[in-house]
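Q: Mind looking over this structure? Questions follow.
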Amino acid sequence: MAHQLRFAAAREPISEEYPAVALPHPRCISVAFPPPRFTPSPSPLTNYSFLAALTPQELEMRLQIAMDVQMISKLDQRKLQTMASLLTSDPDYFLMIARNMNGSKRIQKLLGKTDDVDALFAAAILRRFLHIITDKYASYVVRRGMTVFDKKKKKAMYEHILHYASHIARDKHGNLALNDIITDAYRNKLFDVIAHKALVLSNDAYGNFVIQRVLKLNDLRSKNNIVVSLRGHFVDLSFQKYGSYVVDVLLETKESMVVVVEELMECEGDMLMRLARNEYGNFLVCKALRVTQKEMVRTDLFWGLVHKLKPFHNLLRWSRGKNIASILNSIR
């Protein structure tokens, strides 16, 4: 059940207890465990009962005027508080504003002004978190919040990010937002979630970019966790467009390269031949030969691949595997 923020009486002290905010879920998204709960601090607002007397048209006009960028920069603390209250008191209205390009920019300008204003916006963001972080323009509000919010609010945001990480990473706009904040203080926890979902993400049009980003950070612990999650699936991934991108990155460092090549050598000869002629796999088999030939510490890997591929040399010459055939020719 979503909770509405109440407007406190004039000079009412800040209370540390605050109703928990539960998030609605978009259609077609199943969440196996309950969303994280957030207990933001309420803000000491002056009496805004006059808002109830405004017609919808008057309220809309006030909001349009208030959202002017130049006016935002001139607002005092009380007017900022009024502005934030108008924008955040209705979750759906806030979402509508945040999804608008200009609305998103203006909300971002309001963030980081005062802690009380930030408390209102943090609560509003968390009520519609998944909708906001996966939107083209609204996602920038989350990114800005993760830059200017205090530790308590950032922690609440990160709990939601961790909870929805798999959904966010597979969204066109969400994965870009995730990439922007992936190096923050909670990155190890986020990396653990990503590694756990590595197989699903590797096969996804957008999720594979998140896996690539984590791998390229060269965080040994996270890379090992991803390799463990993907072990036994490298051949299957190599046949797929998005999965092949991930395998390509894994072939670039010695430790992960060894695991991938060993798995290639374990597959049946016919399977390796099909991979070598595959639209995506041929490039990876060729790269595996090149990196193992260059890294002669494990000569057994290079010669193992050569011996498995040689029987198919003629088939490879007249297919997508012609570059592989050229390598085999060069070592005769």
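Positions of Cβ are set from backbone N, Cα and C atoms, glycine also.
These came from Swiss-Prot, pasted as-is:
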DOMAIN    1-332  domain 'PUM-HD'
REPEAT    89-124  repeat 'Pumilio 1'
REPEAT    125-159  repeat 'Pumilio 2'
REPEAT    160-191  repeat 'Pumilio 3'
REPEAT    192-228  repeat 'Pumilio 4'
REPEAT    229-266  repeat 'Pumilio 5'
REPEAT    267-303  repeat 'Pumilio 6'
Q: Report the DSSP secondary-structure composition of the repeat 'Pumilio 6' (267-303) as helix, strand and coil residue counts.
A: 30 helix, 0 strand, 7 coil
Q: So which residues does the repeat 'Pumilio 3' (160-191) touch in its own chain, when a touch means Cβ under 8 Å and the partner is 6 or more beyond its ends?
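A: Answer is 23, 29, 31, 33, 35-36, 38, 126, 129-130, 133-136, 139-140, 142-143, 146, 154, 197, 200-201, 204-207, 209-210, 213-214, 217, 219, 221-222, 225.
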Q: Looking only at the repeat 'Pumilio 1' (89-124), how are its residues distributed among DSSP helix, strand and coil?
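A: Per DSSP, the residues of the repeat 'Pumilio 1' (89-124) fall into 28 helix, 0 strand, 8 coil.
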